[in-house]
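What follows is one structure encoded as structure tokens, with my remarks underneath.
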Amino acid sequence: MDKMPAWADAVLVPLISILLAAILSALVILAIGESPVEAFKLMVDGALMRSSGWGYTLYYTTNFIFTGLCVAVAFHAKMFNIGGEGQAMIGGLGVALACLFIPFPHWSVALIVATLAAAAFGAAWAFIPALLQAKRGSHIVITTIMFNFIAAALLNYVLVNLLRPVGAMEPATAGFPAATHLPTFQDMFASEGNPLFRGSPANVTFFLAVAACIAFWFLIWRTKLGYEIRAFGHSESAARYAGISPVRITVVAMLISGGLAGMMALNTTMGEAERLVLNATEGAGFIGIAVALMGRSHPVGVFLAALLFGFLYQGGAELALWTSIPRELITVIQALVILFTGALDNMVRMPLEKLFLATRRRSS
Amino acid sequence: MNDTPAIELKGISKAFGPVQANKDISIRVMPGTIHGIIGENGAGKSTLMSILYGFYKADAGEIWVNGQKKDITDSQAAISAGIGMVFQHFKLVQNFTVLENVILGAEDGPMLRPSLARARGVLKQLAEEYELAVDPDELVENLSVGHQQRVEILKALYRQADILILDEPTGVLTPAEADHLFRILDHLRAEGKTVILITHKLREIMEITDTVSVMRRGEMTATVKTAETSPEQLAELMVGRKVLLRVDKTKAAPGQVLLDVQNLRHVDDAGVERLKGVSLQLRAGEVLGIAGVAGNGQSELLEVLGGYADATGTVTLKGAPLPLSGAGADGSARRAAGIGHVPEDRQEEGLIMPYTAWENTVFGYHRDPRYQSGPLMNNALIKEEAQDKMTRYDVRPPNPNLAARNFSGGNQQKIVLAREIERDPDVLLIGQPTRGVDIGAIEFIHQEIIRLRDKGKAILLVSVELDEIFSLSDRIAVMFDGQIMGERMPEETDQTELGLLMAGVTEKPEGRVIDAVDASLQEKEAREAEQHD
């Protein structure tokens, strides 16, 4: 069957979707009596025009890359993992345990061990829903979302009853030892006369996220396992014919997915807070769904989509800070972007496809 | 005789996106005749009939019914114009009775009882007139496929259709049921009804139709009187070049037993026993054809032998037993042991449709160490080999970077065949090798199968096309209801005998053949329904 060119599918569709979301957002801002142009300027200023703004934008981007890849890998196996949130929370527990109880000589060693711990904890949290899906047919959407609640409750219990320092009033662990503190962008790039990224939370984990994108591409398109995951995602009956075990692929894909979600905690817990707090994930697990959808489950797409949502998060925070536009409206704008790029994808795609076919027929 | 055509199509055109499904098609079908429409898959037959039945709207052209121009915008309009359609996949409510299905959508008023009573009378009359007997109070789910088809015909006649369109009606019938269907069509013709029969089977066209139209790539290439044509001529018109309808082959020289299957049993997920003690032996250098109507355990037999359905019993390959469940019972293990498998459904099983051709040429063999380089797959080598395979198997276009879904059915099948044959298996399982494949490719595929046989390989061929079974097999086993009903040598049997075995009738019936067949099929249906609960 003929389709529109790949570049239109990958670039034009999301761009138009974002544009529509922006127009609608502008109308909403107009409706509450603010200037959409001013608001947009503020967002760009706050998120992209200063290095500290970038520091925040890239910090959020790091989160969304991990959770976006988490959802994307499951998508390739035709599973909808909406448990990234819970998996990231439990991943945070792994990070905290590693940082608190292992005496590390240097942050680089700490990062490697904490990465393994985060991935292992996140994967473990995805393992049970995966097994239930593979062996019992319990739908992964239902089980993973329930596991989000269980994760939140578990974390609450652990923080309040087990890891809270004696006498502290807050449900959080003690601060991590200094040897586990990750270099921030400020540490890396700022110098005497050039105070870059001042006070912003972006840290070395960002590069880990970029590396994860590259590894993801190799895994999915260049390895035997990726070949099998995609094959299974396209047709389970064909996979069985080829001797690919549905149970194995379901479990392995979910372990990778959960591991990626868990690794998000490196950024929030080890890189930024330097202790484990309740709700460190702040809904990034769910944003990952939109990121994966918008990024077409491709690492380049996921990276770009994560960047967009990083911008929206940081720009939104600036808006709330400097204007009377309420915080809730920022959520509305983010929701509109998700709505248009994710749920209403076909609304843009179908007419565009028709347009391309029509012009092609005329020219042929 | 009446000169007004019952149906006249004038210049019908229809495009789906860039695909021109119907191009300026005109036909005239006279009342009281059976008109055949023949063509390969994708030739546009079904599209044309869907336009006539109001499912699609033509881009251009006119439909005339009994001398009047009709604007058929939906199926209601078609029905009121006197057109009835029997689809390939029946549109029946499974848990309604026959009577309820017949009146569905054609009730007389808000209350059901009077409608049902009237329908009962009409049905009784139709049954006598056209040999369309079906128990009106039976649930449709308990009916055999042949009877379900009769319900579809009854539905159309109940709506007073004068023009009946049947889309590939014999695909799911045993030969005896097909014969009976043709008797029914004969009766309809005698009563002055008009029948349009869509099929890809030349034999059916020659047997029953008065006139035949041939379609190729969306165009009507010819309309001829059946009596004045021949299967060879029709095939040529369908393909656009001369084709060989017979397979050239020498007598088989079977060697040792390669695959020995004993007492194979398989129960499906719904708890229905699909294989009930199947035993067969497959020798080197022979084609064993499994004949049977779809749904009698052939698919399950292939799945079990192919390693992806559990079973009990014993299967030995060259003397070594194969595991039938648990570890070691999967497609990879079977391939490693030397069993190749061209599955029945290439789109759902044999190929990953969005994968490129080159990715598909290693599907199932992708774990071969030869295709790995370090942690990655050696895509360069796979592509190179794919190009070579595609050239040698005449896959068109020979472009390994195209997605499988962009190839025609015949070329998709060649990709699967190339993949499986090139691995040089001892035993090759082949299901429906030419389903949905254009005639040109059929020739090629049949030759490849015989070539493989002549190399001393053992081939298990499952096909619902009896003609194909006859032309390829050195030995024929007939499957019915999960059992082998008997084995015959092709030169010592005929379609009639096999047809009865396919319906589970092992002895020559005393009364009418169709009654014995019906009874046997109905029993099978009842047995299955019982296991289901």
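Residue numbering: from 1, along the chain as shown.
The backbone N, Cα and C atoms fix where each Cβ goes, and this holds for glycine too.
These come from TrEMBL:
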- A:12-33: transmembrane segment (TRANSMEM)
- A:53-75: transmembrane segment (TRANSMEM)
- A:87-104: transmembrane segment (TRANSMEM)
- A:110-128: transmembrane segment (TRANSMEM)
- A:140-160: transmembrane segment (TRANSMEM)
- A:202-220: transmembrane segment (TRANSMEM)
- A:241-264: transmembrane segment (TRANSMEM)
- A:276-295: transmembrane segment (TRANSMEM)
- A:302-323: transmembrane segment (TRANSMEM)
- A:329-348: transmembrane segment (TRANSMEM)
Sequence-distant residues near the transmembrane segment (A:12-33) by C-beta distance (under 8 Å, 6 or more away from its ends) are 39-40, 294, 301, 305, 308, 325, 329, 332-333, 336-337, 339-341, 344-345, 348-349, 352
Most Cβ pairs under 8 Å with the transmembrane segment (A:241-264), selected from A:53-75, A:202-220, A:276-295, A:329-348
A:53-75
Mind checking which residues of the chain, 6+ beyond the ends of the transmembrane segment (A:302-323), have their Cβ under 8 Å from one of its Cβ atoms?
14, 18, 34, 38-39, 42-48, 53, 56-65, 68-69, 72, 210, 213, 216, 287, 290-292, 294-295, 329-331, 333-334, 337, 341
Quick one: do the transmembrane segment (A:53-75) and the transmembrane segment (A:276-295) have at least 3 Cβ pairs under 8 Å, skipping pairs fewer than 6 apart in sequence?
yes
Residues sitting near the transmembrane segment (A:140-160): Cβ under 8 Å, six or more positions beyond its termini, same chain?
74, 79-83, 85-87, 89-90, 92-93, 125-126, 128-130, 132-133, 171-173, 254, 276-279, 285
Using a Cβ-Cβ cut-off of under 8 Å, list the residues of the same chain that are 6+ residues beyond the ends of the transmembrane segment (A:202-220) and lie near it.
54-59, 61-62, 65-66, 69, 72-73, 76, 111, 115, 182-185, 188, 226, 229-230, 256, 260, 263, 266-267, 270-272, 298-300, 302-303
So which residues does the transmembrane segment (A:110-128) touch in its own chain, when a touch means Cβ under 8 Å and the partner is 6 or more beyond its ends?
81, 83, 86-88, 90-95, 97-99, 102, 104, 143-144, 147, 151, 179-180, 182, 204, 208, 251, 254-266, 270
